[in-house]
């Protein structure tokens, strides 16, 4: 016979202390709001009623605050029953939140998680969420560094149609456009305005969706790029123009312009990392640098041609008649090239410097032309009478030397005249090419300056 003895073990629940929450109004309010609340259901009593979500955007710098609000019909209470509490913060995870997303949002890790929302006694839920938006924005860098960019942020419900969720602005479009009170102006970009555009679209012509698009228009501050990019380039171009005042018949101008070209090449290598690199197009400032480099090359080429023209004139043939007519007669009249006496003075000094080379060259030429028969016959180029039998040999030698000296002087005079003409042609062409170059640089500068000024004001 077995006897079973049972023991009843009673576990007593520790006595609760409701007294510590007796006067906790917010706890009672939270219990009241959460009783029977289903956050997975859209908070409307009539399912045919659309939930209107109001959106607002405030741009600080790289951080923007997206404000959204909607009415939750199940989060309504009477403030008199809860010590006149008219709003309370509730965990975001415990309430219904619309699925409003940014279409251009490409980096989800930049959005901080805000765990609370504000709820008023009328059921208005206010959600303020800072978002560091990384968007796919098409940049127009043609006007760099005077460019104005427009980036778009598109807000729409990912799933719900307009019958369930509709989108509207929290403020008027005018106030949203001109609000710059919180934007930080110390950065590279300046906020111009924020435009808004509401649109209803359909994918399959059956279900329609609401979309709110914000266009953030910003402008780049060009001071940094003007000081570090444009001014050095302008200074180098000015020095290139000043280099034309060096005498073209000296080698200093060529070395000076080669130094400028080398310095500009180093400058372009330094600033290449500053320019925006895209495959869509080339900024105008890049074209400006390339054209400036081309102008420096053209200036150096002109200098080389002029120096080649005014040097070694003794080895050149006489100036053609058409060149004399066009360059020395017509060009000074048409282009108002005055003070030709200054050219003549410089030509005389240059010709005297060329005399040793000219003398050596023509002395060798005379020595080659004086043949042995001319020396014996006394025919020295001046059509002198042949020597008689009774003429002393000393006189024949003297006549030969005098004739050689006279031929040498005549050759040297002709060499001087050719040198003077080529030098004068070189100086006139140098003045003409300098004026053409100066006009091209000024016209190019005015065109770019006008375009950049218009774009900066626009």
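Just so you know, glycine gets a Cβ as well, placed from its N, Cα and C.
The annotation domain 'Neurotransmitter-gated ion-channel ligand-binding' is assigned in TrEMBL to 28-222. Annotated domain 'Neurotransmitter-gated ion-channel transmembrane' per TrEMBL: 229-447, in sequence order. According to TrEMBL, the feature transmembrane segment maps to 223-246, 258-279, 285-307, 432-455.
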Long-range Cβ neighbours of the transmembrane segment (432-455) (under 8 Å; 6 or more residues past either end): 143, 146-148, 237, 241, 244, 284, 288, 291, 295, 298-299, 302, 306, 331, 335, 337
Beyond the flanks of the transmembrane segment (258-279) by 6 or more, those residues with Cβ under 8 Å of it: 139, 141, 144, 225, 228-229, 232-233, 236, 239-240, 243, 285-286, 289, 292-293, 296-297, 300
Per-residue pLDDT averaged over the domain 'Neurotransmitter-gated ion-channel ligand-binding' (28-222), given as an integer: 84
Same-chain residue ranges lying at least 6 outside the transmembrane segment (285-307) that approach it to Cβ under 8 Å: 144-145, 225, 229-230, 233, 236-237, 240, 243-244, 248-249, 251, 253-254, 257-258, 260-261, 264-265, 268, 271, 275, 426, 429-430, 433, 437, 440-441, 444, 448
